[in-house]
Amino acid sequence: MNNKGRTPGSAGRTVRSSAQQNGLTMRKRDMTPTRNTNLLPNATFVGDRFLGVRLDQDELDHANHLMTSKLYSNKENLNNSMSEPNSPEKKSVEGEALKQMMRHKSTGALTDADDGDRILCYKKNLAPPPAIGYINQAKVLYSTNSVINPASSVKKSTRHVKETATKVLDGPGLTKDLYSRHLDWGCHNWVAVALGHELYLWNTETCVIKNLFEDNAPTNEGLITSVRWSQEGRYISLGYASGAVKIYDPNRPKTTEYVRELRTLRVGGASRCASIAWRKQGVMTCGYKSGDIVNHDVRISQHVVSSWGGDNGHCRDVTALEWSADENMCVSGSSDRTAKIWDGRHVRGSTVIQDPEPMFTIDEHTGQVRTAQFCSFRDGILATGGGINDGTVKLWDVKRQFQKVRELNVCETGGVGGIVFNRPYSEMLTASDDGFLRIYRFNANYKLSHEIQASNEPIMDLVGSPFDEVLIGDMEETLKVFQLFNVDKSTNILDRTAPKNVGLNVR
């Protein structure tokens with residue numbers, strides 16, 4: 001037997017500890033790190049963490065001076081080896097490469113970070129600022145500058161929208177009719193509200209409320225079916241179920257009954273005026289139940305100057321009327337599921353054509369065209385909203401032969417009650433029969449940015465103020481004001497002061 005390498009007396013025996021002899025099992029304890037991998041063959045070892053000690057800047061400068069000094073360079077060029085001689089030129093090139101490598105290592109490459117990661121700067125001054133327009137994709141881990149460029153490091157947050165109504169008023173007697181216009185907001189911050197036969201005026205700044213008729217409202221014309229302020233905000237026109245249209249001056253003192261009524265406009269055979277739109281210079285456009293659209297010049301006694309109807313017009317109620325900002329076009333929506341765009345350049349004068357053909361007819365809605373609006377911040381964009389069984393808003397480009405730009409599915413359980421455009425934020429607001437207000441951004445995708453439940457009942461009316469507030473009227477007979485487009489009042493160019501000498505000569 002070969003007993004080489006064994007101690008005397010250990011041949012054929014197994015050495016056991018006293019604990020094993022007594023039947024005890026020794027608990028495995030943690031072991032300290034070791035370089036002997038044979039003890040733990042299945043273990044995975046990680047290299048020791050090295051903490052480098054950075055020298056002072058003075059010592060680094062001194063070392064750099066020694067490497068770049070002329071004396072060091074001369075010594076480096078000497079050949080002191082006993083092997084193959086080296087030329088001074090070759091040694092000089094190798095020494096220069098070594099110096100450049102050591103210099104690079106001594107100035108910032110001592111970490112595992114990438115070149116783009118700005119971790120530490122071993123200079124007395126901060127790193128030089130990047131060039132204008134440069135987008136740095138590096139991760140800024142540490143910075144001594146408290147001000148960071150927000151364009152590259154701070155994510156732009158979406159604006160906050162206040163989803164609760166700022167003012168809520170009761171509107172007893174608000175007619176539950178989806179195809180009548182009960183509200184309008186004038187340019188001098190007066191809101192006109194039709195409650196049955198009465199008309200109330202409410203100033204949203206002073207909270208003053210007054211009755212236009214002072215409990216002597218005319219009842220022989222039926223219910224009020226449409227309300228509209230003139231463009232300069234001095235006169236208000238009311239359409240009635242009988243087809244009559246009355247013009248009032250709210251600022252005129254009431255000394256006798258109906259003295260605030262300036263005149264009444266009637267058209268033979270017309271009934272139920274549900275839509276009114278004012279132009280400049282005293283021209284008022286009215287839509288009737290018969291489908292006819294009549295242009296009235298309120299400054300002259302023979303007020304009917306032109307009409308759009310007949311075989312080229314609508315065959316049912318005209319429910320929406322709006323003029324473009326330049327007054328070259330007028331859009332009308334009807335219960336016959338069509339919207340027509342009319343040429344507004346020949347409304348009055350010698351060039352008037354009675355019952356002309358419309359410029360374009362939109363017939364892609366599956367329900368009544370309940371609302372229509374020209375975009376206030378993007379020229380040439382028209383929005384039409386469908387009624388019951390439609391629930392869509394369709395956007396049209398009038399400059400491209402009324403090509404459809406986008407179709408938005410606003411409401412699946414009802415129609416669209418109103419459309420308001422907001423210029424400061426370039427957004428579109430819609431109200432629908434499901435009680436929701438929806439804000440869409442006018443970008444490439446027309447993205448839905450906010451959805452607000454404004455009511456538990458269908459919203460019948462949606463109007464916007466000249467100061468970026470909105471007012472809704474719902475079937476709960478309530479009026480609610482929302483501040484969805486708050487802007488800095490110091491930058492608001494609109495003047496809230498009403499001009500004193502602006503008006504029309506209404507005969």
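Positions of Cβ are set from backbone N, Cα and C atoms, glycine also.
Keep in mind it's a predicted model, so treat the numbers as computed, not measured.
For 1-39, 74-95, the entry in Swiss-Prot reads region 'Disordered'. Annotation comment: Swiss-Prot describes 15-24, 74-86 as compositional bias 'Polar residues'. According to Swiss-Prot, the repeat 'WD 1' annotation covers 219-258. Under the heading repeat 'WD 2', Swiss-Prot lists 313-352. The annotation repeat 'WD 3' is assigned in Swiss-Prot to 364-406. As annotated by Swiss-Prot, repeat 'WD 4' applies to 411-450.
Contact between the repeat 'WD 2' (313-352) and the repeat 'WD 1' (219-258) does not hold: fewer than three of their C-beta pairs are under 8 Å, each pair 6 or more apart in sequence. Across the repeat 'WD 3' (364-406), DSSP classifies residues as 3 helix, 22 strand, 18 coil. For the repeat 'WD 1' (219-258), the model's pLDDT averages out at 89.
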